[in-house]
Structures are given as C-alpha cells and as structure tokens.
Amino acid sequence: MNNNYHIAVLPGDGIGPETTRQVYKILNVIKKQFQINIVTTEHKIGGDAINSEGTPFPKSTLKYCEQSNAILFGAVGGPQWTHLKGSESPEQGALLALRKHFNLFANLRPIYLADELKELSPLNINMIPNGIDIIFVRELTGGIYFGQPKGRSGTGLNEYAFDTAVYHRFEIERIANIAFKLAQKRRKRVSSIDKANVLHTSMLWREVVSHLAKNYPDVELEHLYIDNASMQLINNPSKFDIILCPNLFGDILSDECAMISGSIGMLPSASINEHNFGLYEPAGGSAPDIAEKNIANPIAHILSIALLFRYSLKLDHIAIKIEKAVSQALMLGYRTIDIAKKHEKSISTNEMGDIIAALIKNEREK
C-alpha cells in the first residue's frame, strides 16, 4: 500500500486560512496514528494571489497541484476584488479554472443533519423525524454555465443577452454512473432532477439516466422536475438518498438543502475527475465579515479532508475516523457560534479544531 501522499493546500481568502489551520491539526494526528507520510505544501490562490502575484491562479500553484494526489481548497473572494471580472476575478480565475483544468466534472456534496442539531433547521422537527442524509451528485463542467455561445448584443430596447445549455451523452453517462454506484453503497435510491417537459437537454438527460439505470437493478430510480424537487426537499427531505443533478439545478438545490441542514458551516464538498483526483473544500464561501475573528466553523473543512481520504486516497477507514470524531464533538455539546442555540455557550475556531483532533487521538489510545 502506498503510504506517501502529496496534498496541495490552497487556503485562499477570508476564513480559508484559519479553517485550514484546523485541518492541519487533524492531519498531524492522522499521520502519527496510521504511520503515513502526508506532505502538504501551501500555495497562493484567489485574492491572496492577486495581491502578491497579480493573478488569481499562479503557474507555480498549478504546477504543484499537478504533482499532487489531491487539492485541499479553502475559499476565494472578498469585497476588495469584486471589481474584477471574468478570469481576473478570484472565483472564475481560480476556482472555475481549477475545475476546468483538472476536468473535475463530479461535485459530491453530502448534506447531513445530526440529531443534536435538528432544532437549528428552519423546518419543524416533526418534518424530519429521520433526519437528513443526502448526497448531491452534481455535474460540474457542462450545461448552461459552460455552453457556447453566450454574451450580450444589441442596443437600447433591443439589447439582449443569451446563454447556451449543452449536454453531451457522455457527460450525462459518467455523472450518472457515479450516482448509481454511490447509491449501491447507501440506501439504493437515486432521484434524478431535470425539466424534461420543457428543455431538450433535460429530455436527453432523462433518456440517458433511464437507460443506465438498467445496469443497476438493485437501485431505485425516480425522475423529478426541478420545481417539484425543490418542494419535496422542504416537504420531506428524509426521503432522499442520492440526488443526481445537472449543473444549474444542482447549484440551486444543494444550497437550498444546505440551509435545511442548519448551517452551511457543517457541509463539505468534493469535486473529482475520472481518475479520482479531486478538489476538496467547504461548501460555504470566504465569509470575509468573520475572517480572523476565530469564530468560523471549521467542521466543513475538517469533513472535507475526510472526503479527500475517502475518494482520492482510498483510505475510507481514516475518513470514518474523522467523521466519528466530529459526531462525538457534537454529541458532547461543543458548538461554534453558527450552530449554538440562543444563550448556549459557543467555542472558537481554534478550540473546535483542538477538540476534534484530541478526540481522534484519544480514541486510538483507548
């Protein structure tokens, strides 16, 4: 078994650097417990790179990412860079560029609501008796975000804008296969989202997914229109297992579901390619308003490194170890401010990182 791994660490902007520091605490414990050599090297990305090197995605950063087994990403963007557009902006010039360069076509976003946090959900707890345990499988490099042509034309009252939604059969097949295989390891149910009563891309999407489902007879498939799916997620989120989405629909629905779970600060994200190379990041943004105040929730970032171990390094036992420590911290009542109830004591970013690292370490020593 390979015991040597290289991880490119891109802390970025806002709360990215401080939550990254908490992940290092976890990695230090894991390295000692499992006797594996994990080499982490930090590189600049996003606004941080713009300030120091004049570009959101330096060539030196790309070079090291190409030499690594996976990328641990923080966050990019902030008010001082909002005037920058297109490839000069932190978001498009860095994050979208990484996705495109490494063909990270599959975005996996687990949405999990722990029993201890049910009261934080905007939904009545009677609507979620079985909690929420969903994985969004979102196609990430096709659809209307990337289709050409797009732009603006005309003048005055005749000015107009246009975007093009395009999906190829192979793009749908590869993302659907990931969804079905994940479902086989879970509750064996896939909900595929489209708008096949209107959009030609959705008609092809439904056709391809239905055909592939024949290869997975043990998995139940249902098709839902996007508008119906958005209602069902509010009405009965517990019914969902794997939600398979085109790019735009997945972007919208996963954020809706993130709020149902109580706090986006709890949610990790993985973007992977066909070779299991991936970029792992918290689902939330850079949150510049709370940066360096030691109040950001590092759990999403810590769970992201768990996903990195699971999907890119194929070390599922380590991923489970990290996830159990997070669950234990919550059961013991530890809360950052975003998941603390009114009048409930909260702990800092650094304290949460220390506690989760200690729980991993102590379990080994028992």
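Along the chain as shown, the residues are counted starting at 1.
Heads up, the Cβ atoms here are built off N, Cα and C, so glycines get one too.
Since we're looking at a predicted model, the values are computed, not measured.
Summarising the annotation, Swiss-Prot assigns NAD(+) binding site to 78-91, 285-297. Sequence-distant neighbours of GLY86 (NAD(+) binding site) (same chain, 6+ residues apart, CB-CB distance under 8 A): GLN92, GLY93. A helical conformation is recorded for GLY86 (NAD(+) binding site) in the three-state DSSP classification.
Around ASP227 (substrate binding site), the C-beta neighbours below 8 angstroms that are at least 6 residues distant in the chain are LYS195. Among the features that Swiss-Prot reports, substrate binding site is placed at ARG99, ARG109, ARG138, ASP227.
The Mg(2+) binding site feature in Swiss-Prot is assigned to ASP227, ASP251, ASP255. Within its own chain, ASP255 (Mg(2+) binding site) has ILE264 as residues 6 or more apart in sequence whose C-beta sits under 8 angstroms from its own.
TYR145 (site 'Important for catalysis') falls within a helix when secondary structure is assigned with DSSP. Note on TYR145 (site 'Important for catalysis'): other Cβ atoms within 10 Å of its Cβ, all shown chains, come to 16. The site 'Important for catalysis' annotation in Swiss-Prot covers TYR145 (among others).
The site 'Important for catalysis' annotation in Swiss-Prot covers LYS195 (among others) and rests on sequence analysis.
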With every protein chain in view, how many other Cβ atoms are within 10 Å of the Cβ of ALA287 (NAD(+) binding site)?
23
Can you tell me which of the recorded positions ARG99, ARG109, ARG138, TYR145, ASP251 is spatially closest to ILE295 (NAD(+) binding site)? Compare CA atoms only.
ARG109
Quick check: of the binding-site residues listed here (GLY78, THR82, PRO90, ALA287, ALA291), which one has the Cα closest to that of ARG109 (substrate binding site)?
ALA287
Neighbourhood of ASP251 (Mg(2+) binding site) by C-beta distance under 8 A, where only residues 6 or more apart in the same chain count:
ARG138
Within a 10 Å radius around the Cβ, which one of these binding-site residues has the most neighbouring Cβ atoms: ARG99, ARG109?
ARG109
